[in-house]
Amino acid sequence: MTESTARSIPLQIVQGDSPSAAPLQAGVKQLGGDKINRSPVQFADAPVLRKPSWIRVRIPSGNAVQNLKAKLRENRLVTVCEEASCPNIHECFGHGTATFMILGEVCTRRCSFCDVAHGRPKPPDANEPASLGQTVADMGLKYVVVTSVDRDDLRDGGAQHFVDCISAIREKSPGTRIEVLTPDFRGKGRMERALEILAQNPPDVFNHNIETVPDLYRNVRPGADYQWSLNLLKNFKAQHPEVPTKSGIMLGLGEEFEQIKATMRDLRAHDVDMITIGQYLQPTAHHHPVLKYWTPEDYKALEDYGYELGFSHVASGPMVRSSYHADVQAKGAGVS
């Protein structure tokens with residue numbers, strides 16, 4: 001495989017403020033610079049790479065986006081599409097699909113790539129599962145992705161709320177297939193507790209994103225652990241061999257080609273069935289800079305390599321995201 005010819009830049013890391021520099025108020029969102037300033041690492045000014053021609057987002061016409069947003073607000077629901085500033089939001093909303101984000105809009109982590117707000121979350125909304133179940137039924141969705149912020153403040157990491165949402169959706173829409181995109185449930189005894197709870201009503205697809213190569217974890221996913229995430233995927237699969245597992249990688253954060261391939265091998269070695277690979281795009285000037293734009297040829301080479309490794313489905317392309325066309329990905333893994 002050949003290395004991308006797209007220009008790349010070096011990354012300069014500077015020491016961040018202490019995460020405990022100021023008390024957090026429950027439910028108050030910290031965004032952009034306020035969030036990243038609490039991270040263990042920050043990024044010195046770096047030249048901005050011009051987006052190449054293959055990074056383009058289509059904005060559809062019509063009222064589909066506004067109609068879906070209105071329905072979500074009516075039911076007090078949140079989508080990760082909006083909260084994380086996903087570049088595919090117009091296409092997905094235009095097709096009437098969305099990835100629902102449960103457990104609030106405030107995350108206990110401070111990942112440098114993510115545009116979701118950081119802070120001290122409020123308690124879970126006990127009415128959210130019922131609202132979600134009704135909304136999915138009203139929209140007639142056949143495939144639903146449910147994700148969440150990290151909830152390190154909860155003893156089970158939010159696993160019971162996931163199960164409550166799965167149960168509510170299946171009660172109203174028994175034919176709907178459900179994919180969950182979970183946090184890592186990191187903490188003493190938390191993974192075991194979460195997996196035990198998820199066994200009450202497992203999803204149709206279990207997704208947890210590895211996000212990046214292990215050497216970049218400190219800069220990209222402070223508070224997370226590469227091996228822990230691999231173990232979560234493997235342990236879930238061991239308990240539910242019939243449920244496809246899935247993970248995703250972002251490119252453009254400073255990784256090398258061989259590091260990407262090594263991470264793909266690690267995922268297969270931990271019994272992951274499906275993989276998504278896409279280009280990282282910087283949400284704001286405060287976030288981790290884009291250090292490289294990988295070419296479509298690179299993504300095709302990684303797709304081919306993924307199938308060589310034995311993944312049942314590989315979605316690899318500049319605009320691919322974990323939940324993008326998730327129903328199509330699931331069909332490739334035998335979910336119908």
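Note that Cβ sites are derived from N, Cα and C of the backbone, with glycine treated the same way.
The [4Fe-4S] cluster 1 binding site annotation in Swiss-Prot covers CYS81, CYS86, CYS92, SER323 and rests on sequence analysis. Residues or ranges marked as domain 'Radical SAM core' by Swiss-Prot: 93-312. Per Swiss-Prot, the feature [4Fe-4S] cluster 2 binding site maps to CYS107, CYS111, CYS114.
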Taking the centre of the Cβ atoms of CYS107, CYS111, CYS114 as the [4Fe-4S] cluster 2 site, the remaining residues of that chain with Cβ inside 8 Å are ARG109, ARG110, PHE113, ASP115, VAL116, HIS118, VAL149, ASP150
Using a 10 Å radius on the Cβ of CYS114 ([4Fe-4S] cluster 2 binding site), the other Cβ atoms enclosed count 23
SER323 ([4Fe-4S] cluster 1 binding site), Cβ-centred 10 Å count of other Cβ atoms over all protein chains shown, is 27
Simplified DSSP label at CYS111 ([4Fe-4S] cluster 2 binding site) comes out coil
